[in-house]
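Below is one structure, written out as structure tokens, with a few remarks after it.
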Amino acid sequence: MFYTGSFWFIFFILPAIPFCHSWSVNNFLMTGPKAYLIYSSSVAAGAQSGIEECKYQFAWDKWNCPERTLQLSSHSGLRSDLNIHSTGASPAGSGLYDTGPTSPVWSINFNRILFSRLESHFNKTFLSRLQIPFPQGHTVQSATSLSTGFLSPANRETAFVHAISYAGVMYTLTRNCSLGDFDNCGCDDSRNGQLGGQGWLWGGCSDNVGFGETISKQFVDPLETGQDARAAMNLHNNEAGRKAVKSTMKRTCKCHGVSGSCTTQTCWLQLPEFREVGNYLKEKYHKALKVDLFHGAGNSAASRGAIAETFRSISKKEIVHLEDSPDYCLENKTLGLLGTEGRECLKRGKALSKWEKRSCRRLCGDCGLAVKERRADMVSSCNCKFHWCCAVKCEQCRKSVTKYFCVKKEKRGGGIPRKKESKLKKKL
């Protein structure tokens, strides 16, 4: 499988999609729990790849896609909650299975919900063979009693998380389909033999992006049961994520002709590296559109109509949000924000981009913090040599590196900060 891992990661609540729902893709019909079992691991892995890409794209931003603020809540309170179960150790103080305002993104456990909803269809012996891990102290019976008090803000960062997560789901489903992981789909050859443009025909094995789009929609979009502005925003950003995958598809061609003359070409569409999808959506994030609607509205037919009309007028490729972002320089426990104090930044390095080189100014200076230099020793393998037969032996080299961190500005004698002290001197 293209994306796998030692965890289950998913961001929706299964009860929103009835198990009697029928799935029809490429003339292959599935009903009931089988559909979830076949695709759930790809959906989970795709969501995880989206979050990892989010962390990469915002690594040197004030908001760096922190786990505590990734919850994709919506008007129902539990529509889009992210969850992760990992066999590795969780970060200190992460509260992996806590709930409440400061709970991390992974507060709702998909595995418990999956088990509880499948119990009525399969016996427990079969379910135990699936080897879906449970958090300590939780059972199938407790799976339905889930709640959280944290509703993520409808700002551009939440919008990006929706878009990149659902792009990851569609991307992974498409890739795994082309790799033959599903019996009911394969390459998209629907246009093979047709004229694609001057001098080339469709042919080869195109990645089946239509399959990935269809399944991701059927898994995700029905969860948005609300008709308010927040639900409309989430659905719009879901689609923006899927459009990003389609917009970044690459056309690959093969020449045909005598002696490599390339008289004609056959071409097919391939998925790009997921990094390109992330780059595409990061640009959309910077140009995100704010929709001036009250995001709690939606109880009347008139307001629902106004919301629908507003979102129809916006391109599906654009990321949209309803609220302004908070000040990410500052700690905000209610929103699960830690601020930029203590964050590492970059200053020097040949391979650094302009954005990375300016990270200390952005994370520290712009937030009223100082940059502190720290020296650290790193040990790594070096001078590796191949020895017959058959081993590679390396030396352990110690290297001193310089790292930079954002810290509070030092105070001079008397406890007066430097800026305030200079103002005081002027008055005197």
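Residue positions begin at 1 at the first shown residue.
Glycine is treated like the rest: Cβ placed from N, Cα and C.
Since this is a predicted model, take the numbers as computed values, not measurements.
Sequence annotations record features per position, and here Swiss-Prot assigns disulfide bond to C54-C65 (among others) based on similarity to another entry. Classification of C54 (disulfide bond) by DSSP places it within a helix.
The secondary structure of C185 (disulfide bond), as reduced to three states from DSSP, is coil rather than helix or strand. The annotation disulfide bond is assigned in Swiss-Prot to C177-C185 (among others) on the grounds of similarity to another entry.
C205 (disulfide bond) falls within neither a helix nor a strand when secondary structure is assigned with DSSP, and so counts as coil. For C205 (disulfide bond), the count of additional Cβ atoms within 10 Å of its Cβ stands at 15 [all protein chains shown]. What Swiss-Prot records for C187-C205 (among others) is disulfide bond.
Look at C253 (disulfide bond): DSSP puts it in a strand. What Swiss-Prot lists as disulfide bond is C253-C267 (among others), and the listing cites similarity to another entry.
On its own chain, C262 (disulfide bond) has C255, H256 as residues at least 6 apart in sequence with a Cβ closer than 8 Å to its own Cβ. According to Swiss-Prot, the disulfide bond annotation covers C255-C262 (among others).
All chains included, 18 other C-beta atoms sit within 10 angstroms of the C-beta of C367 (disulfide bond). Annotated disulfide bond per Swiss-Prot: C329-C367 (among others), in sequence order.
Summarising the annotation, Swiss-Prot assigns disulfide bond to C345-C360 (among others). In this structure, C345 (disulfide bond) is part of a beta strand by DSSP.
The disulfide bond annotation in Swiss-Prot covers C364-C406 (among others) and rests on similarity to another entry. In three-state terms derived from DSSP, C364 (disulfide bond) belongs to neither a helical nor a strand segment and is classed as coil. Taking all protein chains in view, 23 other C-beta atoms sit within 10 angstroms of the C-beta of C364 (disulfide bond).
Sequence-distant neighbours of C382 (disulfide bond): residues of the same chain at least 6 apart with a C-beta under 8 Å from its C-beta are C394, E395, Q396, C397. Sequence annotations record features per position, and here Swiss-Prot assigns disulfide bond to C382-C397 (among others).
Annotation source Swiss-Prot lists disulfide bond at C384-C394 (among others), citing similarity to another entry. The secondary structure of C394 (disulfide bond), as reduced to three states from DSSP, is extended strand.
What Swiss-Prot lists as disulfide bond is C389-C390 (among others), and the listing cites similarity to another entry. Just so you know, the Cβ of C390 (disulfide bond) picks up 6 other Cβ atoms within 10 Å once every protein chain is counted.
Among the features that Swiss-Prot reports, N-linked glycosylation site is placed at N123 (among others).
Counting every protein chain shown, 24 other Cβ atoms lie within 10 Å of the Cβ of N176 (N-linked glycosylation site). N176 (N-linked glycosylation site) carries a helical DSSP state (H, G or I). What Swiss-Prot records for N176 (among others) is N-linked glycosylation site.
When secondary structure is read from DSSP and collapsed to three states, N332 (N-linked glycosylation site) falls in the strand class. According to Swiss-Prot, the feature N-linked glycosylation site maps to N332 (among others), an assignment based on sequence analysis.
Take the CB of S259 (O-palmitoleoyl serine) and look out to 10 A: across all protein chains shown you find 5 other CB atoms. DSSP assigns S259 (O-palmitoleoyl serine) to a helix in the three-state reduction. Swiss-Prot lists S259 with the feature O-palmitoleoyl serine.
Feature annotation from Swiss-Prot assigns signal peptide to 1-22.
On the backbone, the CA of C345 (disulfide bond) and the CA of C185 (disulfide bond) stand 45 Å apart. C185 (disulfide bond) sits 10 Å from N176 (N-linked glycosylation site), taking the Cα positions as reference. The C-beta environment of C267 (disulfide bond), restricted to residues of the same chain at least 6 apart in sequence and closer than 8 Å, consists of G196, W200, L201, W202, G203, G204, R251, T252, C253, K254.
Counting every protein chain shown, the number of other Cβ atoms lying within 10 Å of the Cβ of C187 (disulfide bond) is 15. DSSP gives C65 (disulfide bond) a coil state; it is part of no helix or strand. Each of the disulfide-bonded residues C177, C185, C253, C389 was scored by the number of other CB atoms within 10 A of its CB, and the lowest score belongs to C389.
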